[in-house]
Every structure is written in structure tokens, then in C-alpha cells.
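A.B. asks: Feature list, courtesy of TrEMBL:
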DOMAIN    88-175  domain 'Ig-like'
DOMAIN    270-360  domain 'Ig-like'
DOMAIN    369-468  domain 'Fibronectin type-III'
DOMAIN    610-698  domain 'Ig-like'
DOMAIN    707-802  domain 'Fibronectin type-III'
DOMAIN    820-904  domain 'Ig-like'
Amino acid sequence: AFAKGLDPAYQVDKGGKVRFMVELADPTVELKWYKNGQEIRPSAKYIFEHKGNQRILFINNCSMTDDARYYVTAGDEKCSTELFVRDPPILVTKGLEDTSTYVGERVELSCEVSEDDANVKWFRNGVELTNDPKSRYRIKVEGKKHTLVIEEAAKNDTATYSVMTTGGQSEAKLAVDLRPLKISLALEDQTVRLGQEIHLKCEISENVEGKWYKNGQLIEASDRVKLYHKGRIHRFVIPASAVDDEGEYMFVPDAYNINIPCKVHIVDPPKLHLDGLGENNTVTVVAGSKLRLEIPITGEPTPKVVWSRGDKGITDSGRIRAETYPDSSCLVIDTAEREDSGPFRITLKNEAGEDTALINIKVVDVPDPPQAPNVTEVGEDWCIMTWEPPANDGGSPILGYFIERKKKQSSRWMRLNFELCKETTFEPKKMIEGVAYEVRVFAVNAIGMSKPSMPSKSFVPLAVTSPPTLLAVDGVTDTSVTMKWRPPDQIGAAGLDGYVVEYCFEGNGFSQGISTDLSEELLEPPFNVEVGVFVIPCSFDLSSSLHFPKLADEWIVANPELTDKTKFTINGLPTGSKILVRVKAVNAAGESEPRYHPQPILVKEVIEPPKIRLPRHLKQTYTRRVGETVNLVIPFQGRPRAKVSWQKNGSPIDKNEINIRNTENDTIIFIRKAERGHSGEYDMTVEVENLVDKATIDIQIVDRPGPPEIVTIEDVWGENVNLSWKPPKDDGNAAITGYTIQKADKKSMEWFTVIEHYHRTSATINELIIGNEYYFRVFAENMCGLSEDATMTKESALIAKDGKVYKYPVYDDFDFSERPLFTQPLVNTFAIAGYNATLNCSVRGNPKPKITWLKNKVLIMNDPRYRMFSNQGVCTLEIRKPSPYDGGTYTCRAVNELGEAEVDCKLEVK
């Protein structure tokens, strides 16, 4: 269709005209033009022409949008081309010019280019400038004229500025200098009183910013410091001056190498600040400690400080010295002593005035130790101690005392109170009776505790004994009364020195009544009871009125010297009188409480019928073995002293064989080593004048029996032997309780007991071994044991075979084989995720079965999460830290050669 197509490419300047031409082979073919796939229609911009077979497209006034791909179609054929539109270069027709100006002036840099509204770029020292509204630089375009505007030039605007177009460039230098500065009003030196306003003001010829400096340091505006700038005037204001505000100030205008200086001098009268001191400017210090009393001072210029005590000034060296600092002064006492107490004067002076004050130093110390305490009273485990307060309380009131004690032979002191004792008396307790102690005292005030006092004189806690016990009448005659008693229950470390026996006559004007409570305290109930081997007779009623004198000075001491015995006879008493008796125990701590006899005693001998108080165990036969000791105590009573006699089997007792000792209240039969000949009936007789009492004691001394007389083999049949024997002639003075039978094989003659404690005199011995020959012997037995010897049979007994052959029974071996059997099944289990779980069952079987475990019918093998144990038939599967995945059905399988068995369970993991 095309005889000649389009050229591959066309190029045209912006605003120019381009001509596309194709030549058709067939002029009748319809032709269409396209730009980037869009059909082109005829218009003022696109003009179509036909010249014979030529078809022409003109594009007028080309712009950058016409830069595209064009193609033309003729039937089914097409050809295409590319159109490139280029901008013509823009030339700088009038370049930039070098310019000089002053800071703050308006600057315009202009140039002209070859086309209107051309694209022109501005540069400052090679850095492109944009027309940003926030920028100090503004670019203005008027047709071909392009201008860079700087409204207020600054010193740093000095640079090289350039413009650049597509066809050329131009550059120029801008120099910005400062105007010469003049000081219209300089700063003035000021002397300001502390707290007043500081107002500094200066005026310069230019309206520029500036900075304020104090002693070379930049000052920033704050709530306290106010900085003002209005036009050419600069002001510096501090409403309330302080000491630190003194110094050299200057104002430095920005961009100028000049400064405007002045001096500010702050003055203030000296002043002492004593607010932290106590009442009347008193300072308390503990003796021995260091005092560093710091007194804040103010004043400008710094005042001169003078410390003095009385008329003597204090220097800056020594134990007491003064140290002065710009804002304070210190009084230093290295080691305070009590003599340092008193007033100290401090004086301040400067050009603005003077201030002075008196400061009272009070040195307090621990108190002096008290004097050695006195122990005024001593008890069983306590004492009472007193002391005087210390002569010097150390300048602080005594708050109380601490008390310590120690054993005299020890060096270790023990604190007795942990709360201060407010009094000057104290009662230590819980001491050991009979041990020597010392005590000492510490005084305590607010400062601390004094040194200990000197120890007290040593003392020993001692207690009187408890009253004597069991006071009773031992005998009464027409002119005397014999009393007896027992030692006190509690004697203590002081021991017992002896007893004092006192009496008084009834009816000497004493009150006849005493309360039952007193009787219960002084008496020793119950009475009429057996004590040891004597009886305390007492036949009064505790509920009846008791007769005790109430006036202690009417009591008569029966023994001027202490008696260490527990029995005493009061002589020289009128016959027929009645006396009251009491006894006191005496030791180093004093006399105990008295023990009173419960009723008056008639001084007249009274006949008391004899009465033997035979112990219960002697009312029947008294049995002892040969060689044992016999010691019988038989109490009796009777007044006056009874006469005691003994007989054995109706004859007098041989005192060389049997020892008899008589007292006023009992009699004792003593046999050191009993023999059978000591057996018999012993008759005891007690006589008081014409009155008699008798008692009989049956004593039996027993020994082991002799052997049986004759042991005979009566008959032998089969495996049995029949024996008989006669009782022993000597039964050991006791009844025969049984017999012991032993056998011995004739070959070994080793004896074995067959029957023990057998009561008859004939016995049958069974289960003897056929073919053996036996001897037998018999022991007799009574309460003392077996006889020393036994009687043996003279003949032996042969257990004949009688033609019989002993056939041992045949036993079949027991078959222990067993197929596996679970005796304890698995149990459904719930486990907690992360915690080990165990499954247990038990199985038996022979041979020992092999155990395997399955999960969900799958054999568990070599899985480290499972551990399997089997111990004595107990099978265990341990699942380590299971997860929900480990849930399922677990099976335990046991297999041996006789069969197999299974048990299973379900495990659920939550």
C-alpha cells in the first residue's frame, strides 16, 4: 500500500513546524494518522495535504506535548516514526553585577534572559536557592528580567551569587558590611544595697541585638533577670539584688567587635543567723565528742569575724579554734570537756555595720558512777540492795539505773534489768543459795551510762529451813515430857545447826482459840498414821478448837544450847500441869517457823496397854530361801517402856544364831544368812507391868529338793518307753511342784529335755528313734528350782526294729510353672501436662514373663520420653512431662513360654 513510508525519526524545535509525508501505491486507499494510538483529526494545529499519491501532515507550533510516536495506516498496512521536540537554549542577555551594601539594607540582584518566563536557577556559593516562602531570599520574574531580593541584608549574606540557564550563566559578588557603630549612652557603675533593684541601660546608634555578660559569662533572661531591647536602647534589670549579683557587667552588640562595660557593687550590713540554735542560743555537746558549731553569716563585703570567750579571743589553732568561711564561721572544739561550758561571743564587722551575739555552750557527760551499793537484807534466792545517786549527773538528769551481779569467784557480770530502775533500791532474784555474790550499779542519763560503781561487799543468799516435821510425844513421866520429830523437808544451803525446843504452860492468860487455817499450816496431818517403825498417837479432832498461845514472849526455851538430835526431854515440870510444845530449826539464816504440837500435854505418866502391830506379810508363813537375809521389823506400843521376849518352837532363842534388837517402839529379828534350821514358829511377848500381848510368826527357810529315789523303765514297745520313779526323800522344806525328764542316746550320751514341769511320778516317752538305745534321768523341782542332781535309769531301753524296714515317703516335686496373670490391673489415669505420670500394674508367672508396653497398640521402643521398670512383679511405665499428644490407650503385655496376658487403661492429659 505504501510506495514510500515515513522516515524513522523527525526532530523539531519547540514552537517550530514539522512535515510528515508518505507516498501511496494506490491513491484510492483511505489513510488515517495516529499519535500515541489516538487518531488525529484535522485542526489549526494538524493540517492534511494531498498531492497526487503523496499524503502530508503538518504540525504547527510544536510543543513538548507533541513529543510522541506517530503512525499512519493504509488498509491493513501501517508505518510509524518518532517525533522529538527540543527546547531552544535560553541565553543570558544581561548579566549580574557586583554589589556592596550595609547590614539591614534591601538588596536586589538582577539579570535578563533571551525569553520570557524562562526557567532560571539561582545559586549562592554554588548552592541552589529556592523561592520558599520561609527563605530570606525572594525570586521575582518580570518577563525576561529575573531578580533576587534580600529584604534585610545580614553579614553572612556576603557571598558569590550566580544564575544559570540552558544556554548560559552569570555571577556577581555581594559584600555586606556593618555600619559604623556609635555609643549614645554608655553603662554606668552602680553601688546597690542588697535587695534593691539593679538597672543597667545603654543606647547605641544601630538597632541591633546584643548580649549581656557578667564576669565574662553570658547572661540569659529568666524569672529573676529581665532583658529589654527597644530600638537602639538595651536595658538589664534585676528587681531584687543578691550578693552574687556583684561583678563586672558588659553589653556586646551583635556583629560588632565592641563592648560597653560597667561595675555593680552590692553592699549589705553583717548579720548572724542563729535560727538553728536552742533556747537562749544554747548548744549542747557530749563530753569527749567533737563540736563543730557552724554559724551562717551574711554581709557584703564579707564581714570580719571575731570569736572570744570572756576577755580572751579565740584563734584559728588549738583545741578550741575558730574557722571562718565566706558564708559561715565555725567554732570547733576537738574534744569537749566539762570545763568548756559557758558563753562564747561572736562579732561581725564590715563597711556596712556590725553584729554580735552570745552563744552558750553546754557540755554534758555521762554521770559519775554511784557509790558502792549496800545489801541490806538477804533471803533464800534474793536480796535487797540500796545506793545513793551519783554526786554529778553529768549535766543531764538521771533517767534510771542498771544493776549487774556476779558470783564472787567469777569475772562475768550479768545484767539484771533491761528496763531502767527509777528508784535507788532493787531486789535481785533467782540467785543460788549458798553462793557468794557481788552487785554493782550503773547510772544512766540522756547521754549514756556511767562507769560501774564499786562492787558491794560480797553476800551469800541463805534461807531458814522449813519447820521440823512430825512433832510427837515420845514419852511422859511425872516430871518430864520427851518430844521427838523429824528433820525439816527443806534445809537449804545454810545447812542445819540444830533445834530449839520451847514450851509454855497452859492457862497463863493466853487466848485459847486459834483458827483452823493456822492449824493446817503448823501441823503435819494426817495423824494416827504409821511412820517408819513407830506410831505417832494423836486423837484430836482438827475441827475442834486448838489451844495455842499467841504471845511469843511467854515461851520458855527448854535447851539453852542447840541440840542436833531429833529427840529431847523437857525435865523439871510440875506433875499434873499441861504444857504446849513447839520446835524450831536453826541455821545461819536464823530460826525457822515453829512446829507446834497439836494439843496440850499432861505431865503425868500414863500406862498404855501393850499392843503388837504385826505387819500384814508376817500374818502368814514368811518364806525365804537358804542363804538369803532375814530382817523383820515388828512395831509395837506400850507405856511405860515395854519388855519384849522371844521363843522359838517353845524354847528360848539362841542369840548366837539369831540377832534380836529391841527399842522402845519396835523389835527386829535379823538373820544374816538363813539356814533350814532357822525354820519354825517364833513367839513374841510384850509386857507392860501386868499387861501382856503376844504374836506368833511362822518362818520357813526353803532349799532346792533332792533327786527322785529310783527311776525304773517299766515297759518298752514300739517307739515308746514307760518310766516310773519315787518322790525325793528331801523336798527342800517346800512342796514338790514337778519333775523334768531328759533322754540321752547311748552312743553320744548327750542329754535332751523331753518333758518339763511334769506332776506325776510315771510318764510315757514317745517318738523315739527305732534302732537307738536310750538312758533316761529325772530332776525334782520345787519353788527354789530343780534339784542339783538327777536320778538316772540303771538299764537302757533299746527301741527294737522288729523286722520292719522304715520306708521313707516319696514326695512328688511341686510344679510351680504358671502362665502370666495380672494380679493388679492398670487404672484409667488423668495426668497434668508438664508433670510426670506413672502407670502401675502387677503380674505373676513362672518362668518370669517378659514385659512390654504399647501405646494405641503400637510397641513403645527406645523412646526417651518413656521409662519402664519391673521390680518383684510390679510393672511401672513413667511418662516424662506428658503433653495432650501423649493421651491414649496404654497396654502392658506379659509373655512367657506358657502363654501371655494383657491389661490396658486410658490416659488423659489435661
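Our numbering is plain: 1 for the first residue shown, then up by one each step along the chain.
Cβ atoms here come from the backbone N, Cα and C positions, even for glycine.
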A.B. asks: Grab the pLDDT values for the domain 'Fibronectin type-III' (369-468) and give me their mean, rounded.
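C.D. replies: Mean pLDDT across the domain 'Fibronectin type-III' (369-468) comes out at 90.
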A.B. asks: For a three-state summary based on DSSP, what are the helix, strand and coil counts in the domain 'Ig-like' (270-360)?
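C.D. replies: Going by DSSP assignments, the domain 'Ig-like' (270-360) contains 6 helix, 55 strand, 30 coil.
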A.B. asks: According to DSSP, how is the domain 'Ig-like' (610-698) divided among helix, strand and coil residues?
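C.D. replies: Split by secondary structure, the domain 'Ig-like' (610-698) comes out as 6 helix, 52 strand, 31 coil.
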A.B. asks: Which numbers of helix, strand and coil residues does DSSP report for the domain 'Fibronectin type-III' (369-468)?
C.D. replies: 0 helix, 35 strand, 65 coil
